[in-house]
Structure formats: structure tokens, C-alpha cells
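S.K.: Before I ask anything, let me first share the structure, which is written out below as C-alpha cells.
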Ligand code: V47
Ligand code: SF4
């Protein structure tokens with residue numbers, strides 16, 4: 001991990017030297033300043049007692065120690081092959097059961113190639129492929145898709161498929177995780193996105209997504225990918241029926257796997273959105289709770305280099321705020337190619353930002369926009385770039 005030395009800012013020092021500061025919070029802050037690992041008890045304590053000013057100042061300190069002012073984004077688009085799904089996650093607003101598949105979409109390989117071809121000549125670096133689990137879209141179908149994408153555009157990084165999709169595909173094809181991942185990698189898959197993790201603890205998992213891959217299955221597919229030299233991301237769907245300790249348990253399992261493999265790039269907390277799903281009665285978390293979540297993730301996940309706020313889900317204004325609460329990555333330009341969050345009630349009904357708009361969003365929050373590729377090679381620093389009004393409005 002790259003780290004720089006940053007002296008704590010006066011605001012943080014004032015908070016830490018206040019005689020009113022709870023003694024547990026003072027002890028945890030000292031650990032953070034000394035780069036000591038937080039325990040699960042510390043994590044729970046932060047959720048229970050940490051107020052937003054304290055958490056923000058501490059998480060921002062760690063963020064600046066790791067990345068200074070840099071905030072990363074990439075130029076990407078999504079392909080969602082289908083929203084037909086054999087699983088029945090209660091939080092999902094997007095999927096349609098196979099028996100109701102005429103209400104959903106199912107793209108052919110040619111149709112997906114046409115999406116890729118729309119970006120010919122444009123400087124996108126990544127395609128993110130993720131969707132429902134369709135019983136007829138199998139390992140052969142997706143290896144063929146990736147071969148065709150790579151034949152058309154070899155430089156486009158393919159990040160795709162969650163362990164939910166992969167586990168189903170591999171079981172159907174009767175191949176092991178190792179064999180299946182090797183086939184996917186040979187066909188062109190380069191990294192895995194973080195989806196499908198939800199909340200690992202079985203007490204919650206059984207209530208919100210009982211029929212898909214469990215925690216060990218999810219972690220094992222990421223472990224297998226890491227052992228083959230692939231990098232991956234990790235998510236956590238928070239702010240519904242879970243308790244704080246379930247969040248800490250989830251982060252702990254990811255942190256342990258990261259100690260073992262060092263294959264995770266980024267942790268992405270995903271805020272539960274409650275529109276048009278079977279959990280519509282569960283209220284959404286407040287922005288204060290969201291910012292506390294990001295800050296605690298930054299403090300707890302000490303072996304994850306990057307913390308991402310996914311703006312299509314959070315909305316662009318809240319995403320800007322997270323940049324002061326530990327976040328150093330805002331994902332990509334997206335180009336209105338994902339439906340998962342608009343269908344779940346996000347403010348972003350047609351998520352798309354051009355490079356100028358995304359870079360400006362970051363500048364407005366006082367940070368330095370840096371375009372990256374999927375594996376965090378820096379592509380371009382936008383700090384000195386002036387944008388025209390046309391570019392910003394486009
Ligand atoms: O696993 C589904 C989540 C995830 C809802 O790795 C919901 O770069 C909130 O993982 N409210 C898929 N969240 C998306 C995902 C992702 C997105 C962007 C970047 C990356 C990356 C990964 O979406 C699912 C699930 O946790 N989700 N429904 C909902 N109602
Ligand atoms: Fe299917 Fe994914 Fe929706 Fe679950 S979250 S029902 S696995 S599309």
C-alpha cells in the first residue's frame with residue numbers, strides 16, 4: 001500500500017484533545033494515528049458512539065495519508081445482459097422471474113456487441129458486465145461474449161460477473177471454481193466487480209437473499225480469482241435490517257481475505273434503496289448515517305487501498321460529500337447504461353456524466369480529479385484542465 005505521512009489537521013487535533021471526548025473514541029483515534037489495526041469491538045464502538053464530526057475528521061486524515069487530495073474516476077460503460085433472474089433477493093427492484101421473462105430483457109451476443117461498438121473511437125477503458133442470473137445464459141454463452149468483445153476491442157478491460165452469476169454458471173457446467181475461473185480468464189475476463197456480497201452473516205442473508213451463493217461461496221470465488229492474479233472489488237449492502245455488528249462482521253471477513261491474498265482493490269458500501277422491491281417498507285438510511293458508514297469503512301478496512309462511493313446509487317450531491325469522509329473514488333462516467341439503481345429509486349434516473357462533469361464534481365469538492373484505469377494506473381490528472389461551458393452542459 002502506498003502511504004504518505006500527513007500531520008493531523010488542527011480540526012482533528014481539537015476534537016482529539018477535547019476533554020469531553022469519550023475515552024473509547026480517544027483510544028480508537030490513537031490507534032488510527034499510530035496505524036494500529038481496529039478490532040471488531042472497536043468497529044462496533046465507532047458505529048455506536050462515533051459522531052459525524054469525529055468520524056469525518058479521522059477518516060479524512062486516513063484518506064489524505066493514503067491519497068492526498070486525489071480522487072479517482074474512470075471512463076466506463078455497463079452491459080446488463082438480462083434482468084431475468086432465478087434468484088429472489090428481497091431488496092432487488094430490477095429482476096424478473098424466468099416465468100415472467102417477457103417483462104424483462106435478454107440481450108443476444110450480437111446486441112451486446114452492438115453496445116460495445118457504440119463506443120468505437122471513444123476513450124473508454126472499461127466495460128462492466130453484470131446482470132440477473134438467466135438459466136439459459138451459461139458459461140459457453142459468456143465465454144463466447146468475452147471472446148467477441150476482445151476480438152473487436154482488445155484494449156477494453158472486461159470487469160464482470162459476480163460470484164452469484166459465476167457460482168450458478170459453474171455449477172450448471174459442472175466445473176470447479178478454479179476450472180470455471182480459468183475458462184473465464186482465458187476468454188478475456190480481467191477482474192471481478194464487488195456485487196453479490198450483500199451482508200454475509202447468515203442471520204441476515206437468509207432473510208434478504210436466501211437462495212443465492214452464501215458468504216463462503218462468495219469469498220471463495222474472489223479468493224480463486226486473486227490466486228490467478230486477478231484483482232476484484234467488494235461491496236456491502238447496508239442500511240436495511242442489519243445491525244451494526246453485522247456490518248463489522250462483513251468487513252472483518254473481507255479484511256481477513258485481503259490479508260490472505262491482497263487481491264481486492266476497492267471497497268464499495270452500497271446504500272439500500274427501497275423503491276419497488278419486497279423491502280419497500282424498510283426506511284432508507286439518512287445521509288448522516290451514510291457518511292458515518294463511509295468513514296467507518298475507511299477506518300476499519302486498513303488493508304484496502306481504495307474506498308469508492310458509487311454515485312449512480314447515492315446521487316451526485318451525496319457522493320461529493322463522501323469525499324470528506326474517507327472516499328477517494330467515484331467510479332465512472334457510466335453513460336446511462338445501468339438500471340439497477342434507477343429502478344430501486346435513486347435520484348439518478350439516467351446516470352451519465354461526461355468526463356468534464358465528473359471531474360468538475362470532484363473539483364467542486366476541493367479534490368484533484370484523476371482518471372484511472374480499472375487497476376488504478378493513472379491515466380490523466382485533470383487539476384489544470386479548464387472545461388468549456390459546452391463540455392460541462394453537454
Ligand atoms: O450486489 C441491488 C446492489 C449490487 C439494490 O465493483 C442494491 O466497481 C441498493 O455491485 N439498493 C450490484 N443496492 C452492483 C455492484 C457494483 C456497482 C458499481 C460498481 C461496482 C464495482 C459494483 O447492487 C448488488 C446489490 O448489492 N443492489 N438492489 C437496492 N435496492
Ligand atoms: Fe438476481 Fe442479483 Fe436481483 Fe438477486 S440482486 S434477484 S441475484 S438480479
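All positions are counted from 1 along the displayed chain.
Placed from the backbone N, Cα and C atoms, the Cβ positions cover glycine too.
Annotations for this protein, taken from TrEMBL, read as follows:
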DOMAIN    71-305  domain 'Radical SAM core'
BINDING   85, 89, 92  [4Fe-4S] cluster binding site
BINDING   91, 198  S-adenosyl-L-methionine binding site
S.K.: Which of these binding-site residues (85, 91, 198) have a C-beta closer than 6 Å to some atom of ligand 2?
M.R.: 85
S.K.: Distance check, please: Cα of residue 89 ([4Fe-4S] cluster binding site) against Cα of residue 198 (S-adenosyl-L-methionine binding site), rounded to an integer number of angstrom.
M.R.: 10
S.K.: Can you list, in sequence order, the residues of the same chain other than 85, 89, 92 whose CB lies within 8 Å of the CB centroid of the [4Fe-4S] cluster site?
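M.R.: Near the [4Fe-4S] cluster site, beyond 85, 89, 92, sit 87, 88, 91, 94, 95, 132, 209, 212.
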S.K.: What is the total of other Cβ atoms whose distance to the Cβ of residue 85 ([4Fe-4S] cluster binding site) is within 10 Å?
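M.R.: So the number of other Cβ atoms within 10 Å of residue 85 ([4Fe-4S] cluster binding site) is 24.
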S.K.: What is the Cβ neighbour count of residue 91 (S-adenosyl-L-methionine binding site) at a 10 Å cut-off, with all protein chains included?
M.R.: 21
S.K.: Near ligand 1, which of the binding-site residues 85, 89, 91, 92 are found, taking a Cβ distance under 6 A to any of its atoms?
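M.R.: The qualifying binding-site residues are 91, 92.
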S.K.: Give the distance between the Cα atoms of residue 198 (S-adenosyl-L-methionine binding site) and residue 85 ([4Fe-4S] cluster binding site), rounded to the nearest whole Å.
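M.R.: Cα-Cα, rounded: 17 Å.
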S.K.: Suppose you look only at the domain 'Radical SAM core' (71-305); what would the mean pLDDT be?
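M.R.: Per the prediction, mean pLDDT sits at 97 for the domain 'Radical SAM core' (71-305).
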S.K.: About how far apart, in whole Å, are the alpha carbons (Cα) of residue 85 ([4Fe-4S] cluster binding site) and residue 91 (S-adenosyl-L-methionine binding site)?
M.R.: 13
S.K.: Could you tally the C-beta atoms, other than its own, that fall within 10 angstroms of the C-beta of residue 198 (S-adenosyl-L-methionine binding site)?
M.R.: 25
S.K.: What is the Cβ neighbour count of residue 89 ([4Fe-4S] cluster binding site) at a 10 Å cut-off, with all protein chains included?
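M.R.: Total other Cβ atoms inside 10 Å, all chains included: 22.
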